[in-house]
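**Q** Please find one structure pasted underneath; my questions will follow.
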């Protein structure tokens, strides 16, 4: 029995909790190490007994921690040892089972290592074979690397602190001098044995703890291979020894003694400069260790944490701080602000908070994994226990389980935790209880006096090694811990029992580990010694709470979950109440709003009603006043009849009809001619009824239909003008009148042309003929006026054709359908009566400008006069039949009409000029008899060039040459050409028209090679491009480039242009991409640019030209006009900068 200095027995029957103390394994300056055995499971352990008097005197060496000058540091070195050893969980690190205390001593229950110290093995055997020495050395390095990854430095590595278990595996022990490598500070404590100490330690300068442990491992490797130390003095002169260590002077063994790989590794480890010294992870990769591989050690290496775990512990938890671990750190730092700890965890560099967080997090994960494994083992054993023989005396009955107070089951596995259950003192002493995880050495003779270590270490107590390591599981939650061994329950004063350190004075707390006293001096001055005699207790409740929460995780986790669930329910209830309150408030607002709207609507209705009444009264007054004025006016001439307002209205309608009739007849009183395809005339045998004075409603609708058709033909509204819609609107004005008959597709010629005899012109005949003037007078029309075609007034929106002289000033849609050969001065015909056809043909006016250029539809008269010569609107206006094409579908004057309607056509013997699509939806024209026209008349040359001719190709080549030579001359025409595209799937033209010859500069001649070029050009296309059309043709312009020459280098110009174009992104440039390798820039001019240009993709290439450079602008797609504008802007900038070569 151990007796303390005050002669107060602290241990009853030589037991400490469930552990019965046995023989002493070693003695040290701070205490001794005793062998212990669990009374219930038979598990062996080494108990390190430390006197509390050491803490009061402050003689514990190595108690200084890095950063201990800060208020956040842990107060005692022994606390550091408890926390670190409890949290470390590695096969090559000695395990701490539990901690107990009395009023005089502190008991650390450690893992028991049967084979003792490595030092004893070296003394007995001497130098070890290289493969065996490397096996020990590798396990040492793995354990040290594990500690370093968690920011822990041992600082006292030597063979005396390296223990061996029953399988001769290394167990690193004695963390009494361990320190946290934190806050980036250097350790300043000179500790460790001088033979194994690093040069920076013996020199007394601040040192890096990681490097010093590596030096100690190098000395141990030297001793394992040679059986001696590299730094030693036979005479024991410490001063000479320290000088050798400072200089790193030692004698390297020869090749006969150790291998070259071993020499290389020792040389790299025993390097004086700690910065150049090899690291632990690099040692594991050294050829010497790779020379002797081990499967078990390889698994341990793979399970090592990251080297910088202590620097970035949050990376393992997804950068979110665990609330449980944070609360533990708050307790560990004695109620420190959690926000301050969070800032420490997130700031760069190493600190104590990060190290302990990493340790706590790994311990929590390992505990959860082991708990799951143990539960699975229990399930399997519960199933297998059914088949156990009744003769086996295993106390597993429920009655005996209810009587237990503290049964500890230590598993044989080093990682399986200890199980704590309740049991009574009598049952503990009488029952032979075993659990599934109990040790296999239950039959070991505990009374044996066999010593496991004959070497006494005077510097520090060396605990014996454990057989198996165990970790902690939770205690039953609804039971309170009582005295473990008690002789009687009535006499508590004489019991002298030992309480667990986790107990608080209320005896409602329980723990599976211990906490040392926070203020031992206060206990020494306490007068209530009876209380101290009666029981030992924990005095640092904060630290006790920390230990309980860490190592009884499941119990406190359940409490936390219940608390969180309660808080969640409270929050949900509050949220529901708040939601209900908001809903009621919203409903009240909605009701108030509806009430206000209802009142406002009622008020507005009343105001509107009053206003209507006022307006009605005003109108009545005005009406009465108007009647009075009318009566006053009639008084002057009583005999005169009163004016009939209805009659005036009828007169007005008649005048409107006359105007419409005049316009309609102006289109039909012209002589029979092929100039105007809009005029349809019947055969000579048809008789036309005269116009009645009063037109019916159907005739009025017919007239409106013809007017709308003429407007559409004028190309002013085009296909966008919906004629049927307009007719429907006109019919709505007269809903009672319904047209009884369908309008005729052919137009009826009025009797104003009765003086002439209508001629049926052949299909290919010229649009001129000698007129017969038998009467020389025209018939009167219904309104009594004479009608002539010269009296027609055509609106100015139509274009002016330059094929006619200034004298007649013919501004009519007819000119768009005319040809040079078919031109006839109709005014002269009407005035002179006859006109010689041959003379007329000989007097045709040549085309002053090419009809191959484009022209917009909606231009003013002046603009048309300026650009009509180059306009492409003089192209094919209508097609004349060809002998090779007979059954073509009707011509569709509108571009969109070509793709609509049926292709059926009626056969007729008479030739009718082309007409627009009729209003009844039939979009085809009558087919024409081509054979008769081919024999009677030659083909008429059209004003539109044929798309397949070689002359057309010449025009395109000439236009491209003009664009290159004079880019600013035809700027508008180029922009239009860029916008035009070819519709490949258009229907073929009805008739092939003769090419229109362009004469420029007094007779330029067509080139022969252009025809060859045309043939090659045709082969590259799938469909014909030049389909005859009333509209302009769309063609895709070829890619063209423009170049500028600069005086600077290509690279400098490339950088300048890249910055310039990127600076213009706010003005419409987008997607500027640079390719420095080939000096190319690409980009896009968006449609919303400041110049209102089309969206265009362009490419800029820069080529070196000696010391100068050439920049080439290329249009990828879009408008070449936009590219030209961009080139002009870039040219202006380069000219201002003075880098443009002129």
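Every residue gets a Cβ built from N, Cα and C, even glycine.
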**Q** Name the residue among 805, 902, 1010 that Swiss-Prot annotates as phosphoserine.
**A** 805
**Q** With Swiss-Prot open, pick whichever of 471, 637, 790 is annotated phosphoserine.
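**A** Per Swiss-Prot, phosphoserine applies to 471.
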**Q** For the feature phosphoserine in Swiss-Prot, which residue out of 617, 854, 1086, 1119 does the record point to?
**A** 617
**Q** Annotation phosphothreonine in Swiss-Prot: match it to one of 536, 798, 884, please.
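**A** Residue annotated phosphothreonine in Swiss-Prot: 884.
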**Q** Distance check, please: Cα of residue 156 (active site, proton acceptor) against Cα of residue 617 (phosphoserine), rounded to an integer number of angstrom.
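**A** Given the Cα positions, residue 156 (active site, proton acceptor) is 116 Å from residue 617 (phosphoserine).
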**Q** Taking 156, 617 as the recorded positions to compare, which has the smallest set of other Cβ atoms within 10 Å?
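**A** Selected from the recorded positions 156, 617 on minimum Cβ neighbours within 10 Å: 617.
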**Q** Under DSSP, is residue 617 (phosphoserine) helix, strand or coil?
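**A** In the DSSP reduction, residue 617 (phosphoserine) maps to helix.
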**Q** So what's the average pLDDT for the domain 'Protein kinase' (19-289)?
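**A** 82, rounded to a whole number.
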